[in-house]
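Enquirer: Supplied in structure tokens, the structure appears directly below.
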Amino acid sequence: MAVEPHTVEHTARTLMDHLPVLQVLIPFCTGPIIVFLGSRRLAWPLAFVASALSLIVSLMLLWQVKDGGYIAYTLGGWEPPLGIEYRIDAANAFVLMLISLIGTITLPYALISVADEIKRRDHTLFYACWMLCFTGLLGMVATADAFNVFVFLEISSLSTYVLVAMGADRDRRALTAAYDYLIMGTIGATFFVIGLGMIYMATGTLNMADIADRLADQGANRTVRSGFAFVIVGMGLKIAMFPLHLWLPKAYVFAPSAVTVFLAATATKAAIYVMLRFTFSVYRPEFTYATNTLEMIFLPLAVIAMFSASFVAAFQTNFKRMLAYSSVAQIGYILLGVAILNETGLTAGIVHLFNHGITKALMFMGVGAFVLRAGGSFYAQIAGLGRQMPLTGAALVIGGLSLIGVPGTAGFISKWYLVQAAFERAPDNPMYLAIAVSVVLSSLLAVVYVWRAFEAMYLMAPATDIRAKEAPLLMLVPMWVLAIACIWFGIDTDLIAGAAAQAAAGLFEGSQGMLEMKGAVH
Amino acid sequence: MIQHHLILRVVTKLLVGTIIVFALYVQFHGDFSPGGGFQAGVIMAVAFIIYGIVFGLEKVKQVFPAWIVHKMVALGVLIYAGTGVVSMFLGYDYLDYGAFSPHHPTHGQHWGLLIVEFGVGVTVTGVMVAIYYAFAGRPPAISDEDW
């Protein structure tokens, strides 16, 4: 049967229109290309070029949406809710920027660190895995399709397990750490997908904006509420929200140094973004159960995390493990900002997402340099190294100050916003005064654990007579870029706080509604 | 050299060809009838796995070396993603197969689907065989002398 050919109206898409998908596509294609070429020499340059390109794309996206609005992209030209939609607004453009920034800065650092810590024959696959992990994190942030989030979550998680396990060349315990993370991560992902199943059962759709519309119509029922609970617990595991954080210290300690830098600054942050998206855009805070979850579960858990994890960090004898516990505490600050439930609080959470990302990446980079020179990260091993490696030591001091939240560093800005947000709520509820005080008190615990590391670095007598050489230039440059960023963003707050405020405002408005398809009929 | 199991060896040699042809049938009829890249890839891998089980890992690795398996895993993904990139260069959305036949988008959809399903088939074949190689090639954790 001959069908009459007919012309379909079509306006050609330009490169600018493709930016949302290019953000994910560039690293996604680079992974298999690295494996296909199988060249150890080309693996790193390809990975670096892909990361740099994604950074450029993410900056272009952020530039377009920083004043509000969103960019939508339909995959395969299929109209949402049937097709998969990518939607970039101020909130996820900001997180995309953080992830690609850290990815691009960490790779030059990784070159030497990886060569030292991982067997040569695994290097190609290591960078391929790195690219897949990067893709997964970017994808789960960029997409506006709830199930697509799960797919990318799995891509990033599976490659993360492999990356963590690659620490086994240095310490066999990396294998059990990766296994623990695999079990916990899989439980988290399963909970998340069970939650999605319930939401799908109640609404019959997977597009986030469409779910939001239908949930607003039908209000609360048991299916919808349990869906919310499952999604939150599932993401809570990936975030390492206290008390679901048990996988985190082991995974961070035994993973190769470069992997720890990358994961600490991005993986939990992408998961926090997904949780924000579900709490604010898919479900609305107006639903009483969502508000209750934030105020009665997140808030106390965040405060407990701030104190207990900081307390545990203070007793560690291993620099890396100390930083890992400090990460759990810092995630507490981010969640506290979210749970305060006003725009300043959400801004504080998002600002801290970024500031903690760069600070923790810097700290782990410094420890990685010590591992390269001293072979381990126990305080006894790094004793006196701060004096022998002055540039690494100085960068670590800046990072440590930012971790405490000393004025003039990035960490101060997020805590300032956090305290301010708590004071805004204080007039109607005096409990928030106590919370503002607790932010300050827990920072004192940070002083204790950061001081212990400084003491080991500068005041303790070196363990051996052999003088450690300064870290190689390729590691120092990324470290100092981040150290300068820590100070820069502590003084010039417009850039990050402005973007975060826009992101918070966007999230607080709730869903932006379904995409209106214009022009071409598909 | 294993020389027993005469019947198994003869039947396997007869079957391998048929299995591969059936895999190709499932592969290229995927867009009209049940089947497609994933199923075809598994069936294709089965041909190599049964050959390996009956004749030994060394023999099947001569036919299908591990490095090719490795490349196939990546190649299939690249075929899939590459199809989308081509449609992007033609001025359409990523993976909008309508791009391959602008005057008759339905045909374009068919062609696009055929290509990406082929990509899926290549990767699935590679992955399945790779899993078999990984398990079969694993030395026993405790060798007999250690007892």
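Every residue gets a Cβ built from N, Cα and C, even glycine.
Since we're looking at a predicted model, the values are computed, not measured.
Heads up, here are the entries from TrEMBL:
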type: TRANSMEM; residues: A:20-39; note: transmembrane segment
type: TRANSMEM; residues: A:46-65; note: transmembrane segment
type: TRANSMEM; residues: A:90-112; note: transmembrane segment
type: TRANSMEM; residues: A:124-143; note: transmembrane segment
type: DOMAIN; residues: A:145-433; note: domain 'NADH:quinone oxidoreductase/Mrp antiporter transmembrane'
type: TRANSMEM; residues: A:149-169; note: transmembrane segment
type: TRANSMEM; residues: A:181-203; note: transmembrane segment
type: TRANSMEM; residues: A:223-244; note: transmembrane segment
type: TRANSMEM; residues: A:251-276; note: transmembrane segment
type: TRANSMEM; residues: A:296-315; note: transmembrane segment
type: TRANSMEM; residues: A:394-419; note: transmembrane segment
type: TRANSMEM; residues: A:431-451; note: transmembrane segment
type: TRANSMEM; residues: A:471-491; note: transmembrane segment
Enquirer: Of the stretches A:90-112, A:181-203, A:251-276, A:394-419, A:471-491, which racks up the most C-beta pairs under 8 Å with the transmembrane segment (A:149-169)?
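Expert: The stretch I would name here is A:251-276.
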Enquirer: For the transmembrane segment (A:223-244), could you work out the same-chain residues 6 or more beyond its ends whose Cβ comes under 8 Å from its Cβ atoms?
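Expert: Long-range Cβ neighbours of the transmembrane segment (A:223-244): 153, 157, 184-185, 187-199, 201-202, 215, 267-268, 271-272, 274-275, 278-279, 283, 289-290, 293, 298, 301-302, 304-305, 308-309, 327-328, 331-332, 335.
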Enquirer: Contact between the transmembrane segment (A:471-491) and the transmembrane segment (A:394-419) is defined here as three or more C-beta pairs under 8 Å separated by at least 6 residues; is that satisfied?
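Expert: Since 3 or more Cβ pairs under 8 Å link them, the transmembrane segment (A:394-419) and the transmembrane segment (A:471-491) do come into contact.
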Enquirer: For the transmembrane segment (A:90-112), I need the partner stretch with the highest count of C-beta pairs below 8 angstroms, choosing only from A:46-65, A:124-143, A:471-491.
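Expert: When the Cβ pairs under 8 Å are tallied, A:46-65 comes out ahead.
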